[in-house]
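Peer 1: Structure incoming, see below.
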Amino acid sequence: MFPMVTGFMSYGQQTIRATRYIGQSFITTLSHTNRLPITIHYPYEKSITPERFRGRIHFEFDKCIACEVCVRVCPIDLPVVDWRFEKDIKRKQLLNYSIDFGVCIFCGNCVEYCPTSCLSMTEEYELSTYDRHELNYNQIALSRLPISIMEDYTIQTIRNSTKSKIDEDKSSNSRTITDY
């Protein structure tokens, strides 16, 4: 055949293929129109974390035996465990424990392999700071209990204000019957 005719045929095939791809993507876009929105208004609405969410690590100083298993199983050797050997009781005494959350990958190995369960993952995910050195948590900061999402003051006020609006709407729409 002539090269010009084959060129037009391949151009026509490419045009049909491109139209098919655009049509498929348009159908995909239209299939998402009936779904609920996923975006939340972050400071006022907080996402509910799943059951095994890996957030900030909680540390219980009294349970730790300074075995350093958490350091050995960590892929980046992150936890810093300072201890000294007490000769009179023949055991290690923990002096300091710290984790730098700026480097932590939240894999959960330290929590999973801890023999005394002194480490646990919390649902706390708000670790933003202006200085990366503030992400280095010592044992005091790690032992701080997490703030639950439902106990947050801003969330409670928003939830209560919407309930009061709903209650007002119900009371204005309902009739009251009084006995005389």
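Glycine too: its Cβ is placed from the backbone N, Cα and C atoms.
Here Swiss-Prot flags CYS64, CYS67, CYS70, CYS114 as [4Fe-4S] cluster 1 binding site. What Swiss-Prot lists as [4Fe-4S] cluster 2 binding site is CYS74, CYS104, CYS107, CYS110, and the listing cites sequence analysis. For 55-84, the entry in Swiss-Prot reads domain '4Fe-4S ferredoxin-type 1', with the evidence type sequence analysis. Marked as domain '4Fe-4S ferredoxin-type 2' by Swiss-Prot: 95-124.
Buried or exposed, and what's around them? Tell me for each listed feature.
Peer 2: Under DSSP, CYS70 ([4Fe-4S] cluster 1 binding site) is assigned to a helix (H, G or I) in the three-state scheme.
Under a cutoff of 8 A between CB atoms, and with a sequence separation of 6+ in the same chain, the neighbours of CYS107 ([4Fe-4S] cluster 2 binding site) are ARG54, CYS74, PRO75.
Per-residue confidence over the domain '4Fe-4S ferredoxin-type 1' (55-84) averages 94 (mean pLDDT, predicted model).
Remote same-chain residues near the domain '4Fe-4S ferredoxin-type 2' (95-124) are listed as 49, 52-65, 67, 69-70, 73-76, 78-84, 132, 135-139, 142, 146-149 (criterion: CB distance under 8 Å, separation of at least six residues from the stretch ends).
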Peer 1: Using the recorded [4Fe-4S] cluster 1 site (CYS64, CYS67, CYS70, CYS114) as reference, state which further residues of the same chain have their Cβ within 8 Å of the centre of those residues' Cβ atoms, listed in sequence order.
Peer 2: ILE65, ALA66, GLU68, VAL69, VAL81, CYS110, PRO115, THR116, CYS118, LEU119
Peer 1: Looking only at CYS64, CYS67, CYS70, CYS74, CYS114, which of these binding-site residues has the biggest number of Cβ atoms within 10 Å around its Cβ?
Peer 2: CYS70
Peer 1: Given a 10 Å Cβ-Cβ cut-off, pick out the one of the binding-site residues CYS104, CYS110 that has the most other Cβ atoms nearby.
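Peer 2: It comes out as CYS110.
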Peer 1: So, in DSSP terms, is CYS104 ([4Fe-4S] cluster 2 binding site) helix, strand, or coil?
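Peer 2: In the DSSP reduction, CYS104 ([4Fe-4S] cluster 2 binding site) maps to coil.
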